[in-house]
């Protein structure tokens, strides 16, 4: 298997709700907008998609919709399929593969605090259950669990279909260290604030929250960097500074969904508890920053 298979500009899709249910029509439109604006892959049912509060049926439906909309296009589907129960992560990975997803994004197990050996066995079981590409997802600020550099490298070398890691630890030194020890690995930025530093230090793509709103700019930034045109990439990165900052003024995905609502890209500003709408102050701040950007709606 070619380990370079899912890289480039990728969007961590929000999940729009309406009257307490997944708004499937808006969801489909959002994916089509991504396709039309140069995104290389979409990631349904991940952190930004509020996977923790989706039912199992809703989670699977989000994957199915993404696969159906992307069918026949160049845009790939990297399905969110993580769990802190290995058997459930395996079941999700199998479902995603059987229903046409191009790859799997699997977050580190949260809450139960596995050892590094436990993490290794968890991911090995997932990788052995499917023959599609698997991207590890390291986000210790949310999971309370750090996948060590040694564990990431061992999994990459031992499991043919584990092709890299989405790094959302905010630790640039770790990212540089990973590539120094295993330059074949596909390092993917998982934080919009450090997309440019990661791409300019050997990263091969981004999984972006901001690209829900500005897919064309994130695509351009990513591809300029991959083409080693760092001057143009940095120029776009600088233009995105204020929006990247405000989109994390509260817990993701609260600000990005708010911005999408303000832009008229989703019909209803709904969250699943314990997530809730932003404060009035932050709503106003998001609205003010957005005035500086030209958002292309439906």
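Each position is counted from 1, following the chain as shown.
Just so it is clear, glycine is given a Cβ too, placed from its N, Cα and C backbone atoms.
Look at residue 47 (site 'Part of a proton relay during catalysis'): DSSP puts it in coil. If you look up Swiss-Prot, you'll see 47 (among others) marked as site 'Part of a proton relay during catalysis', on the strength of sequence analysis.
Classification of residue 207 (pyruvate binding site) by DSSP places it within a strand. Feature annotation from Swiss-Prot assigns pyruvate binding site to 48, 207.
DSSP classifies residue 111 (site 'Part of a proton relay during catalysis') as coil under the three-state reduction. Here Swiss-Prot flags 111 (among others) as site 'Part of a proton relay during catalysis'.
Taking Cβ-Cβ distances under 8 Å and a sequence gap of 6 or more within the same chain, the neighbours of residue 137 (active site, proton donor/acceptor) are 46, 82, 105, 106, 107, 108, 165, 166, 168, 190. Per Swiss-Prot, the feature active site, proton donor/acceptor maps to 137; the stated evidence is sequence analysis.
Under the three-state DSSP scheme, residue 166 (active site, schiff-base intermediate with substrate) falls in the strand class. Sequence annotations record features per position, and here Swiss-Prot assigns active site, schiff-base intermediate with substrate to 166 based on sequence analysis.
Around the Cβ of residue 111 (site 'Part of a proton relay during catalysis'), a 10 Å sphere holds 9 further Cβ atoms from the protein chains shown. Residue 47 (site 'Part of a proton relay during catalysis') sits 11 Å from residue 207 (pyruvate binding site), counting Cα to Cα. Reported as a whole number, the C-alpha separation between residue 207 (pyruvate binding site) and residue 111 (site 'Part of a proton relay during catalysis') equals 23 Å. Using a 10 Å radius centred on the Cβ of residue 207 (pyruvate binding site) and all shown protein chains, the other Cβ atoms total 29. Comparing residue 111 (site 'Part of a proton relay during catalysis') with residue 48 (pyruvate binding site), their Cα atoms are 18 Å apart once rounded.
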